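Engineer: Have a look at this one before I ask anything.
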Amino acid sequence: MGGAGILLFLLAWAGAGVAWSPPKGKCPPHCSCSKENTLCEGSPELPESFSTTLLSLSLVRMGVSRLKAGSFLKMPSLHLLLFTSNTFSVIEGDAFIGLSYLQYLFIEDNKIGSISKNALRGLRSLTHLSLANNHLEALPRFLFRGLETLTHVDLRGNPFQCDCRVLWLLQWMPTVNASVGTGACAGPPAVAQIQLNHLDPKKFKCRATELSWLQTVGESALSVESFSYQGEPHMVLAQPFAGRCLILVWDYSLQRFRPEEELSAPSVVSCKPLVLGPRLFILAARLWGGSQLWSRSSPDLRLTPVQVLAPQRLLRPNDAELLWLDGQPCFVVADASKAGSTTLLCRDGPGFYPRQSLHAWHRDTDAEALELDGRPHLLLASASQRPVLFHWVGGRFERRTDIPEAEDVYATKHFQAGGDVFLCLTRYIGDSMVMRWDGSMFRLLQQLPSRGSHVFQPLLIARDQLAILGSDFAFSQVFRFESDKGILEPLQELGPPALVAPRAFAQVTVAGRRFLFAACFKGPTQIYQHHELDLSA
């Protein structure tokens, strides 16, 4: 609203310009008063001595630099309030509290440093609001909360930076029964001069993810797994130098993880949990001394060894995975010995017994269970050839295909996104790879430099599909899958403290908090907390 428009509006509000002489002391200096209307210009401070029947107040070129909370408590009858050509460093929260009858608020052609998100609180009768031409680059989120009676909002003439700070405004506009004038964006350059109300909120990326260090678990570890038992999340670490499988739980009073139980397992490489109702199994795959199955039949008992697993077959285990076949739980143990073979162990009565030997003489380093085309599949990585994909047919695994252009792959992990299945293939030196299943085979999608990598682990944490590429020589890298691009994008480095020879990652959610465990072979296990940051706030 220009100066002429303001003047006409005030004359109309005054009603035929009827002269009125206010009681002595009721019209402050620098002000012109009528019975129901006042215009003040150039006053060094906010006037207070007004008639209790005052309906409209206009403040022009004031010397006030700050509108404080409760600035208008002595003017409860105001229906219209106008500011123009002023300079405010800040408009504080509750600046207009007490103006429950105010219908028109025009704050126009001013220079405003900042506005509190609670500045307009209490204006329950407000119908017309103008913040036009105030040099504002953004508005605080929730500024209009509680203004249910608004019918007209004018935000034009402000140099809005149309980044994440305006996302809340774009999401708010369709939800109100008010006409909103927004004007054009002043920046960033990609959207400069585009009308703000023409922007698509869905194209804004205003969530940030951060993994911050929380805790250290002293001993080194080769693997880490999460599982839920009796409704409580647990973690189990394979600690070969300590000779144990260490089970951790969350201490709600100390707000950190603490040991709950440990299983004696010298030279252990993997501790794989399986929960069947009240019963808990832990498979301890060991390099020497025989792999064992531990069991707890009820929550009030401790885990005890119940079975030595296939002592003639499991010669040098390197990895163990859990999978379900025809409704029964099975373990697959990848064997890295020269004369060994990967073994499938399935439940039969009280224990787990060999069901099938796979991939003899290939020195397998990793096994990954996955589902493709609605059927169980098994992917084996080995030191001697490209990864081989098996599928479950007629009660056994049969070779289906291998992974092209994937030599020297140490480990494989998979994830799903947007209905597609992706592989993360770990190579120690060179390029680790991301591949996508096309219905008949996996095809190369992306390559990421590896510098001493033994693990390339995908993890779904909250809404973030992450993948962590470990490194023995540098900081481990965290990537996030961007669904619109279909690739992994760098997110952050893990550290400090730096991970020393990371070998496995796992995530767990406890009491609404999300944690990432990093098992390290030459250093302590590190625990990080996952945070979601709203950049539009």
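Just so you know, glycine gets a Cβ as well, placed from its N, Cα and C.
Pulled these from Swiss-Prot:
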- 1-19: signal peptide (SIGNAL)
- 53-74: repeat 'LRR 1' (REPEAT)
- 77-98: repeat 'LRR 2' (REPEAT)
- 101-122: repeat 'LRR 3' (REPEAT)
- 125-146: repeat 'LRR 4' (REPEAT)
- 158-208: domain 'LRRCT' (DOMAIN)
- N177: N-linked glycosylation site (CARBOHYD)
- 210-252: repeat 'EAR 1' (REPEAT)
- 256-298: repeat 'EAR 2' (REPEAT)
- 302-349: repeat 'EAR 3' (REPEAT)
- 351-394: repeat 'EAR 4' (REPEAT)
- 396-439: repeat 'EAR 5' (REPEAT)
- 441-483: repeat 'EAR 6' (REPEAT)
- 487-532: repeat 'EAR 7' (REPEAT)
Engineer: Counting Cβ pairs under 8 Å that sit 6 or more residues apart, are there three or more between the repeat 'EAR 7' (487-532) and the repeat 'EAR 1' (210-252)?
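Structural biologist: Contact between the repeat 'EAR 1' (210-252) and the repeat 'EAR 7' (487-532): present, because at least 3 Cβ pairs are under 8 Å.
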Engineer: Taking DSSP as the reference, which of helix, strand or coil describes N177 (N-linked glycosylation site)?
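Structural biologist: Reduced to three states, the DSSP call for N177 (N-linked glycosylation site) is coil.
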Engineer: Write out how many residues of the repeat 'LRR 4' (125-146) are helix, how many strand and how many coil, based on DSSP.
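Structural biologist: For the repeat 'LRR 4' (125-146), the helix, strand and coil counts are 0 helix, 3 strand, 19 coil.
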Engineer: Need one number: mean pLDDT over the repeat 'EAR 7' (487-532).
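Structural biologist: For the repeat 'EAR 7' (487-532), the model's average pLDDT rounds to 96.
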Engineer: Relative to the Cβ of N177 (N-linked glycosylation site), which residues of the same chain, six or more apart in sequence, are found under 8 Å away?
Structural biologist: T151
Engineer: Sort out the residues at least 6 away from either end of the repeat 'EAR 5' (396-439), same chain, that have Cβ-Cβ distances under 8 Å to it, and list them.
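Structural biologist: For the repeat 'EAR 5' (396-439), the nonlocal Cβ contacts are 319, 344, 355-356, 358, 365-366, 368, 370, 372-373, 377-379, 381, 385-390, 445-458, 460, 465, 467, 469, 481, 483, 486-488.
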Engineer: Treating G and I as helix alongside H, and B as strand alongside E, what does DSSP give for the repeat 'EAR 5' (396-439) in helix, strand and coil?
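Structural biologist: In the repeat 'EAR 5' (396-439), the DSSP-based counts are 0 helix, 30 strand, 14 coil.
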